[in-house]
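Lifted from TrEMBL, the feature list:
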type: REGION; residues: 1-26; note: region 'Disordered'
type: TRANSMEM; residues: 72-94; note: transmembrane segment
type: DOMAIN; residues: 110-584; note: domain 'Glycoside hydrolase family 9'
type: ACT_SITE; residues: H514; note: active site
type: ACT_SITE; residues: D562; note: active site
type: ACT_SITE; residues: E571; note: active site
Amino acid sequence: MYGRDPWGGPLEINATDSATDEDRSRNLQELDRAALSRPLDETQQSWLLGPTEQKKKKKYVDLGCIIVSRKIFVWTVGTILCAAALAGLVVLIVKTVPRHHHKHPPPDNYTLALHKALMFFNAQKSGKLPKHNNVSWRGTSCMQDGKGDGVSAAIKDLVGGYYDAGDAIKFNFPAAFSITMLSWSVIEYSGKYEATGELDHVKEIIKWGTDYFLKTFNNTADTITTIAAQVGSGDTSDGSTTPNDHYCWMRPEDIDYDRPVTECHSCSELAAEMAAALAAASIVFKDNKAYSKKLVHGAGTLFKFSRDQRGRYSAGSSEASIFYNSTGYFDEFVWGGAWMYFATGNNSYLKLATNPGIARHAGAFWGGPDYGVLSWDNKLAGAQVLLSRLRLFLSPGYPYEEILRTFHNQTSIIMCSYLPVFTSFNRTKGGLIQLNHGRPQPLQYVVNAAFLATLYSDYLDAADTPGWYCGPNFYSTEKLREFARTQIDYILGKNPRKMSYIVGFGNHYPKHVHHRGASIPKNKVKYNCKGGWKWRDTSKPNPNILVGAMVAGPDRHDGFHDVRSNYNYTEPTLAGNAGLVAALVALSGDKSIPIDKNTLFSAVPPMFPTPPPPPAPWKP
């Protein structure tokens, strides 16, 4: 029997397969039941089902708070161990391989000298010394100052303050200038003081001075009639053998002779300079509001006294005229008025400081051999630089602009006079500028000029001004810093004698400083007035090192005599060291720490009033 293949070919069907579909289906079912009723061996099962896969049972790890797969747990632990091993290897390599330590560069010479120069003030302190004074051979001294007969009732106590130089006299005129200079340097360079770790130290030095000045007059009054100008006496010009601070050679701690108090009732320059000192210090201590307010009030009282009671303080005092003679007081009016304005923001002080008549009397409009020389006597150059700062940064405009522009132009002329290309001042062969024209004790003037030059260059840099003009020629601010560096480097030892003029700095410095306390040993022996003369006259070096003291300096030929009896070479002073400190901090470090542009103006109100608010919108 043939059938047709649905794909087109013949399909032969056997006779045995001729059963119907229904029969075949029934037969298959019977076979299935038979197969299920008889168990199959493994071989048969493999024929029918193929190879079987045996599923592995997963294993877990119980961690207490969580159950995780053992496989994940093993991988995690393994990863942690490998990471720990790798980290340990890195640490081992770092520990064993030699390293190059990048240390901070050592302090520059200016910073090193600054640390020492400040110590001089510790050695000059009078009164009961603090425990941290750090000058082992000094002690409490002159605890009866101001407590004798003949002292005004308003002046009850004059213990404290600073001895002026190598003696034990307290001259308020140069001491006040010293405190003003130190305060000015802190206001401008507080960041540098902080970087050198000396900010607290210099502020403590300033406060020791201002605390004393507040004792020299009735600081609670608004109007006064007298101030103490000096404690101690040193005049031996008439051949007197009366014991005093110059005739005797004694340690301050051993002084047993009378120390008279010199008062003044007409001393404009002294009162104005003391006002400047208190006003500048009030800005330094502006964060101590109570003390700053006390200083401002005292400064106002002193400045009023200087204006009301006109007269030169040295005209009525023979000793002042001998040791610290004043040539006039109008420069102190400009200087003190400027500081009073910055301390108070009161425009009346600015009007006085910029008064053309006062400026003319101060010598602002004419030259002269000492023009541009800042000193304890003449403050005009400092006042001009200070008021130039006001014009550079605040520009108050009318009615001050004309005189401020004049001061600014004259400051530029002063800076030109410092440069070696000009012949305003001679120089020694070693390069020291002769600001006092070859007279003795030159270094105190040099350091002040170095400070002004560096400060003015920083003013210009802060005002984004690359330099200034000297006639038709333009000079960069770096020229001013170069001038300052050469002068200070000379003092630090870069001079023909290869000698440092700061005691304790370098290996070669003066060993016979004209200083009573440093020249007499602290050996529990009290030497009387004449008993100390043997220490004055000995050729042996001082037993005590007066660290940081800048001596008077060399002569105009770069010569220097290290002789104790010659104070024109070997005596240090407060005013000299104050200028030195100011110059050193200005030059210290690098220019990454700029001047503080804002602190000086902290009490100054806005130059231009705030515009009124716009009117309210119109409502119909």
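Here the Cβ of each residue, glycine as well, is placed from N, Cα and C on the backbone.
Please treat TrEMBL annotations as automatic predictions, because they have not gone through curation.
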Check the domain 'Glycoside hydrolase family 9' (110-584) for me and report the mean pLDDT.
-> 96
Under 8 Å Cβ to Cβ from H514 (active site), same chain, six or more residues apart: give me those in sequence order, or none if nothing qualifies.
-> A165, G166, V551, R564, S565, N566, Y567, T570, E571, P572
Note: among active-site residues D562, E571, least Cβ-dense neighbourhood at 10 Å is D562
